[in-house]
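Read the structure below first, then the notes.
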Amino acid sequence: MGLLSIPYQSKSKLWIAIFLVVWSLISMHFIWQSQANSGLILKNELSSTSSIPHEFEMLIDTNYPKFKPTSGHSGSQTYSNLFKNQDRNAAIFTILKNFDLEQRCQLYFKNVKNDKLIVDPDHDFKFDRFDYLNWDEYRDESIKRLKGDNDEFVATSSDLDTIKKNFDKAKSRIASDLQLLHDYFSHIKIYNQCYIDRNTSFIKKQHELIDGLNWKTSFKRSSFLSGKQIVTEQQMYPWLSQKSPEYNCLATGQTTKFAANKNSFLNTLKNNLNGKGIVMTIADAHIDYCIRLIHLLRYLKNTLPIQIIYTSNDLSAESKSQLHQASVSDFDGLPQQNITLVNVTPAIKPQYLHKFNEFGNKILAILFNTFEEMIFIDADAILIENPEKFFQLTKYKNSGALFFRDRNTSEYRPDHDIEMFLKLMNSQYDEIIFGLLQITEKTMSIPLFDRKISHVMESGLVLLNRKVHFSQPLIMANMNFFEPIRERVYGDKEMFWLSLSIIGDENYQFNSHPAAAIGQLTTYQERVKTFENPPSSFKSQEICANHPAHISDEDNHTLLWFNSGFQFCNQLEKVNYEDEFSHKERYSQFDTIDKFKTFWQSSLVIESAIIPPENTNSNGGDGYEPSVSWKHMEPYCAGYTWCAYSSIGNGDQANDRGLVINYSPEEIEHFKKLGEIWMRGYNYL
């Protein structure tokens, strides 16, 4: 019987029933889609299926093996949300085969809980090394604190219960804080990959890897993915004002800014990078060093433009005028310098400017200069060669990032420092889904991880290709914000290379040699003064100095640069001359305090250099030879003097022997002339 033959009243009821069924189906569809949009239901997107064989997991683990030192970390909580109630193999296969980068980004950020997306730069993390002690150490130290000066104090069972509760609470908070930091850094890195770096070459390789694999899943083309960017730059970088710094050319007096569309500030900055140049950051306190460096650059016939980064309250009008005069006033007919002052204050929201005090200014200098290739120089650094030559160093040309090592001293980090740094590294999922590479043995071979050495990098001079490593200062900034990270490094030094490893960018190089001592070799007579029965000679040689210096690993001879100015002691305002003169362990050739004072204030004389051994200490030797590669001569130059040794112990092992370099008369004369230029007086009003 056809529909037309049904009585009118019955037909009416039937149409109503049909309408209700259709309405229910439509409603269910929209409810499902709404849930999918919030990341709650991904069943049809990343469906569980028994048709994905175990061989696929083997294929993934072969091509993306978990790196053992970081494999024990849980990874981002977002991945747990994403794969919840899903078969991991089916989900990953679906993503690799069907999702482009934009869809992967949306999938990730839809699974981030809103309250876990951002950690405010002012987030009050508690960091106390006491909380990282093991139970026995924590208990004993807690009892000691309770005891105080009361020798008769005995801890009760109630005291011990309280101590145990505090211990457990501290460990729980540490685990929670580290997971929060890990997840936040994951969000930052993935955002940068999605919307700034946009490297998609890894996806093409994945398609080639699974080409021909057509395992069936119930995947439906990403209907919940809108094509609209879910997370904005303003959300991810709340400390950026989205406004341009002010670039003031001293030669013309012209101030310029760049225009950026809303939420594309960083892309605009990146796209405007061009050329090579020198970058510095100073405040009024550094103006003397900076003027002397400008004089030195003029003598070296520098032609690279210079950008000096500062914040509004740090550099006075008088200092700006002095910089201008130092760059253009007649100076032995030497070339003028092209200097631009960069006021970065407008680019940072006022409430976050304090996060970039002191060492943090260097991060702003790396981020806001406009050079594609930059050489960052501390105001008190001394260049021996024309800056252009640094860009020709092989390791820089091969990687676009060249760093220099610090003194190889025997100072070490606790295990929990190492564990925290490793916690920030990329996971296997980061590499599979976003092409963010896991670290390799290259990172683990760096002395911080390999030997737990505290000081790896000396950051007075840094070479960086900004376009190749654009995200680096963004990660550095976030490292600098948070106390559990900031308190584990000294200033900015280790952040330069750690930030790159955290991104998964191991395309950076270190000059092979650790920092050297430069000056004059200590005489035999000076060294034997402290021995009751001195040896007839020493295997090792010694230089005591206040200036970390850097020798090229291309010829194991050329002095490239050193830090701490050209004055023999760069801490004169802190020196107690009578006290330092009274110590006779070194510098005993000066028989009056006036001679001692004159030497302290004079230009450094460079005749030789010692690169100490790679090993920091040795138990071998006959008691006369040094057991450490560097000895801290704390009584001198307000604690800044270190003595370097060419060998330690018996010097029988290769890593117990360093390198002694004796410079030619021509080289010594060049160093002398540089010292004269740097030490020369000036009067810029």
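Cβ coordinates are placed from backbone N, Cα and C, and glycine is handled just like the others.
As annotated by Swiss-Prot, topological domain 'Cytoplasmic' applies to 1-13, with the evidence given as sequence analysis.
Taken from Swiss-Prot, the feature transmembrane segment covers 14-34.
Across the topological domain 'Lumenal' (35-685), the prediction's mean pLDDT works out to 91. Annotated topological domain 'Lumenal' per Swiss-Prot: 35-685, in sequence order, evidence recorded as sequence analysis.
Using a 10 Å radius centred on the Cβ of Asn199 (N-linked glycosylation site) and all shown protein chains, the other Cβ atoms total 14. Per Swiss-Prot, N-linked glycosylation site is recorded for Asn199 (among others).
Taken from Swiss-Prot, the feature N-linked glycosylation site applies to Asn338 (among others). The number of other Cβ atoms within 10 Å of the Cβ belonging to Asn338 (N-linked glycosylation site), over all protein chains shown, comes to 19.
Per Swiss-Prot, N-linked glycosylation site is recorded for Asn408 (among others). Remark: Asn408 (N-linked glycosylation site) has Pro447, Ile453, Pro514, Ala515, Pro612, Pro613, Glu614, Thr616, Ser629, Trp630 as non-local neighbours, by Cβ distance under 8 Å and separation of at least 6 in sequence.
Annotation comment: Swiss-Prot describes Asn556 (among others) as N-linked glycosylation site, evidence class sequence analysis. For Asn556 (N-linked glycosylation site), the Cβ neighbour count at a 10 Å cut-off comes to 12, with all displayed protein chains included.
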Alpha-carbon distance [Asn556 (N-linked glycosylation site); Asn199 (N-linked glycosylation site)] in Å: 38
DSSP three-state assignment for Asn199 (N-linked glycosylation site): coil
